[in-house]
């Protein structure tokens, strides 16, 4: 008779790979068929499959028990019931097909798709329940699954999978929706995990298997080992805690990975707890028996030289306590549920503090709460990172402290950890037989694995516009002599007036004090009149210190933009002293989503803004410009918390403003309105304000400068505030960005700087750009058309957008000339060489300015440098190229 042919390892590998490839190819066909199923069909299939498994839960438990020789039949039946009942009930209403969620407000639509062919790895500890669980969550998500069962539980696992598969096919699932390797081997399992047709690996098993799954170069839902401590703190319900731990540890002879591996007991209740523990047939081994138990379970004795390399004897997994004791060499009373061994510490020197997957538990005494938490933490970190930890206590705060201290994904409070860990019995954890350990356990999932983990959720995002706003002072008073409101304003007793020397010398401060003195109540006031043009942060800090000492209930900012800007930041520092100036000046894309959140103001004081120039609009805006003169920087600060409480726009306060000041501030108004009108953030609400302000400027500025008549001064004062209302909500653009930086470097007058730059900016923004802004409010580039609208309103030639742009730029330049402004920087006394040397730096700084993001087109540094260099000579001499 011929000798039987020996199969080489290579031949064995090829056979395994061929078998696996056939399974995966069938699964891929099934996947396409499963994609066609609707939600109703899927739910029907899952329901029928779960009922079939439920009907066979007892015979499957018996099969698993007989095949593996491990665990407890009744408990295996319970685990099968759990997989069929709790898991299915939890995902019963979960949508897993097609559109699963639509939100008309956010514009998001979520679409669920299967991940693809699933490789299912199952352990010997829970063979049938895990096969049922993974099959059902795969069917729920329309994923075909191919199993590699543990060799020692191949037949019972296949029995469970077959029942689910046959019921699913009968209910409408495609053939080969559930398959398995028929001849288990390491080669076959490896081939399955590494097959290119497998989309993901759902692995439950030992650390080596999970590590292998993660090394396959594809998404894996692998879960790690546990080493679960149960800390019984002195305030715990002792009888309940002992009952729960015995029930949990003895369940299926301790084979659930979430079962307790050590109980840590406060010294104050140690004896009482041990007595209660013993009443449930827990046997405490003596010193000699402990050594025998260690030797049998791990092949080492406590504190021996080779403790570090101790390995669990796989023979003990799921075996009864009586059998383990007998095999170890000692006897215990019949009916013993658990073997308990008192240990002195957690770690390598005490091998019984390792995971044991059997009815063997370590018992440790804790000297204090801190010691109890430390020992629990050490248990988790001793080859059980991320899995589970339990605490029994009546102290809610201690539970939180414990949860923070231990590196466990599941912290189970006052419950048996076996059932607490798998979820949905004693707590609201997701019901699962695959428990993720997060990054602590080097897992990709940090929760109980469920159907949702086997879905690709596609998001369809509809285009949306952010909710816009109009935020202004709660009250704005205007008309001549409207400062009389100060007589009637409520709750005014301690007033700090922030102003400058000019307001004192011109008598405006006295007029404000006069109104306060006419109140029925006595008003105490503090004056800070040291605000300089372009106020420095040091000035703001000095004013804030005075404010803190005085403790006002009302702040009055009197003057032009400088006193109002300085007063706003003093207000902020006074009410919120912990604020850092560097945080305030950071740039943002969306004022509502900025990295630094400004605190709300107004709890201590109200803020009343009274402008005495017609330019900044600061009385109604959330902006302030503060200088850092030591570093030649100007910082525009923006947040709606800086919006004044009340604005008083009294034209009687601007009648004596010199003509050259009226000219400069008037052109600032025009720049505000123009930039707000074409801003990315412009809206129907701001456009009307901006257009009216532009109209008022062109109709009244020249007369206001040359004649200083009441009518034109009043209209320009109104135009300033109206433009402020517009740009407070639409923001500004690069004319202001460049003006801020040029002013900081060369100390030019702000309004005049804007006047010189504005014609260039109009032509720049009026050209269709190659590079548009990111996420503007408009749906197509329309700045050129909006300039055309302005030109038409002013009666300028504007038959095309291009003509309107040129007409408006020219009109702005000519208006500046008519009111006496030298419309170039050369005539502002700036050296040409120095100007050119700084042009690049100024362009970079302007790009970083807070006004730049709202410019209608994305401002490029090179382009702004070119504008700055051309503006030295003026629009008439060098209008610049269309960019």
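Backbone N, Cα and C atoms are what each Cβ position is placed from, and that goes for glycine too.
As given in Swiss-Prot:
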REGION    13-456  region 'Aldehyde dehydrogenase'
BINDING   121, 122, 123, 124, 125, 126, 206, 224, 355, 435  NAD(+) 1 binding site
ACT_SITE  257  active site, nucleophile
BINDING   438, 439, 440, 441, 442, 443  NAD(+) binding site
REGION    457-464  region 'Linker'
BINDING   500, 534, 561, 562, 563, 564, 565, 612, 613, 625, 634, 653  NAD(+) 2 binding site
BINDING   668, 672, 736, 750  Fe cation binding site
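The structure, with features from Swiss-Prot marked on it.
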residue: 121; record: NAD(+) 1 binding site; DSSP (3 states): strand
residue: 206; record: NAD(+) 1 binding site; DSSP (3 states): coil
residue: 257; record: active site, nucleophile; DSSP (3 states): coil
residue: 438; record: NAD(+) binding site; DSSP (3 states): coil
residue: 561; record: NAD(+) 2 binding site; DSSP (3 states): helix
residue: 634; record: NAD(+) 2 binding site; DSSP (3 states): strand
residue: 672; record: Fe cation binding site; DSSP (3 states): helix
Report summary line: Same-chain residues at least 6 apart in sequence with Cβ under 8 Å of the Cβ of residue 563 (NAD(+) 2 binding site), in sequence order, are 498, 499, 500, 503, 531, 535, 557
Query raised in the report: Within 10 Å of the Cβ of residue 500 (NAD(+) 2 binding site), how many other Cβ atoms can be counted across all chains shown?
Result: 23
Query - Residues satisfying Cβ distance under 8 Å from residue 125 (NAD(+) 1 binding site), sequence separation of at least 6 - result: 70, 71, 252, 255, 256, 257, 317, 318, 357
Requested in this report: Compute the average pLDDT of the predicted model within the region 'Aldehyde dehydrogenase' (13-456).
Outcome: 95
Requested in this report: Could you list the residues of the same chain, at least six apart in sequence, whose Cβ is under 8 A from the Cβ of residue 443 (NAD(+) binding site)?
Outcome: 210, 222, 223, 224, 386, 436, 437
Query - Nearest of the binding-site residues (121, 123, 441, 750) to residue 561 (NAD(+) 2 binding site) - Cα to Cα - result: 750
**Report entry** Of the binding-site residues listed as 565, 634, 668, 672, the one whose CA lies nearest the CA of residue 123 (NAD(+) 1 binding site)
**Finding:** 634
**Report entry** For residue 439 (NAD(+) binding site), the one of 206, 613, 750 that lies nearest, given that the binding-site residues are compared by Cα
**Finding:** 206
Query raised in the report: Tell me, by DSSP, whether residue 736 (Fe cation binding site) is helix, strand or coil?
Result: helix
Report summary line: The rounded CA-CA distance in Å from residue 121 (NAD(+) 1 binding site) to residue 442 (NAD(+) binding site) is 18
Report task. Using a 10 Å cut-off, grab the number of neighbouring Cβ atoms around the Cβ of residue 123 (NAD(+) 1 binding site), all chains included. Result -> 23
Report summary line: If we take the residues 121, 122, 123, 124, 125, 126, 206, 224, 355, 435 that the record assigns to NAD(+) 1, their largest CA-CA distance in Å comes out at 21
Query raised in the report: What other residues of this chain sit with their CB within 8 A of the center of the CB atoms of 438, 439, 440, 441, 442, 443, the recorded NAD(+) site?
Result: 224, 385, 386, 409, 436, 437, 446
Report summary line: Comparing the Cα of residue 613 (NAD(+) 2 binding site) with the Cα atoms of the binding-site residues 668, 672, 736, the shortest distance belongs to 668
Report task. Starting from the Cβ of residue 355 (NAD(+) 1 binding site), draw a 10 Å sphere and report how many other Cβ atoms land inside it. Result -> 22
